[in-house]
Amino acid sequence: MKITVIGAGNVGATAALRIAEKQLAKEVVLIDIVEGIPQGKALDMYESGAVALFDTTVLGSNDYKDSADSDIVLITAGLARKPGMSREDLLKINATIIRDVTTEVMKYSANPIIIMVSNPLDVMTFVAWKASGLPKERVIGMAGVLDTARYKNFIAEALDVSMQDISAMVLGGHGDSMVPIVNYTNVAGIPLTELLPQDKIDALVERTRNGGIEIVNYLKTGSAFYAPAASAVEMIEGITKDRKRIIPCTTLLEGQYGIESVFCGVPVKLGKNGVEQILEINLTASELEALRKSAALVEENCKNLATLLG
């Protein structure tokens with residue numbers, strides 16, 4: 001198993017290290033355009049193997065040739081969001097970057113599974129899919145895993161319970177329009193609605209929607225990376241170990257939930273072939289409406305890129 005991580009910034013480097021420590025691949029390649037950065041970080045990671053007890057090889061490079069024959073490619077490249085900058089502000093800049101990165105990746109790997117982390121997430125997943133020519137099930141966006149993790153964290157904090165006992169799901173686009181599904185949220189099987197009043201639940205939902213910007217506002221010059229990296233690696237682990245995990249991911253919908261030809265976060269079965277099944281769960285009328293509105297925003301942004309993508 002060979003996994004390539006594109007982008008040696010905070011998310012990419014953290015993800016590469018987690019992949020190595022979990023020994024999810026025989027070889028991890030970290031690629032970045034800045035000379036010396038991927039090489040230095042990769043060497044540092046590799047040298048930690050004797051202490052962290054992993055045998056995974058970690059290579060840093062500026063050359064996409066070193067990504068040849070990758071089974072999985074994690075794309076984290078792009079401009080990071082700054083205070084006052086919406087994900088949509090990043091649209092044009094990152095679309096160009098992702099298109100070029102994906103084109104380079106496909107020169108050397110015939111049939112990889114691509115996992116997208118770069119923002120705006122849903123649109124960048126679309127860009128990678130168009131640029132790669134890969135089947136839709138092999139180009140996946142990391143959104144719902146991260147958003148759900150934040151949602152679970154806030155619930156656990158509010159109730160003073162273990163996060164391990166919380167079952168929850170956040171669907172829709174990765175942004176202000178995301179849709180935490182309260183109807184399917186429970187703590188050890190107990191519905192959240194029986195544990196918290198509606199106003200508290202509404203506050204948790206709102207904080208989840210603003211989870212990324214909350215961190216951006218603290219950091220000032222950067223954005224979240226520990227939780228995004230952990231979320232991406234959870235997806236990678238589900239694929240490499242063929243675990244058939246049911247988790248929310250960004251995938252191309254073709255009629256599911258009444259949404260056509262749009263990348264949107266929904267529950268999927270994740271295995272060795274990528275997205276192996278899209279699950280259509282019963283949503284309330286308001287949840288379904290919110291999901292469709294979220295998808296419509298993604299669709300609008302994708303249409304704005306039509307000229308760029310040709």
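Placement of Cβ uses the backbone N, Cα and C atoms for every residue, glycine included.
Remember, it's a predicted structure, so these values are computed and weren't measured experimentally.
According to Swiss-Prot, the protein has these features:
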BINDING   G7, A8, G9, N10, V11, G12, D32, N94, V117, S118, N119  NAD(+) binding site
BINDING   R81, R87, N119, R150  substrate binding site
ACT_SITE  H174  active site, proton acceptor
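The structure, with features from Swiss-Prot marked on it.
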| residue | record | Cβ neighbours (10 Å) |
| --- | --- | --- |
| G7 | NAD(+) binding site | 24 |
| G9 | NAD(+) binding site | 18 |
| V11 | NAD(+) binding site | 27 |
| D32 | NAD(+) binding site | 23 |
| V117 | NAD(+) binding site | 29 |
| N119 | NAD(+) binding site | 26 |
| R150 | substrate binding site | 25 |
| H174 | active site, proton acceptor | 29 |
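You'll find the Cα of V11 (NAD(+) binding site) roughly 16 Å from the Cα of H174 (active site, proton acceptor). Under the DSSP three-state reduction, G9 (NAD(+) binding site) is assigned to coil, being neither helix nor strand. Using a 10 Å Cα-Cα cut-off from H174 (active site, proton acceptor), the binding-site residues that qualify among G7, N119, R150 are N119. The two recorded residues N119 (NAD(+) binding site) and R150 (substrate binding site) have their Cα atoms spaced 17 Å from each other.
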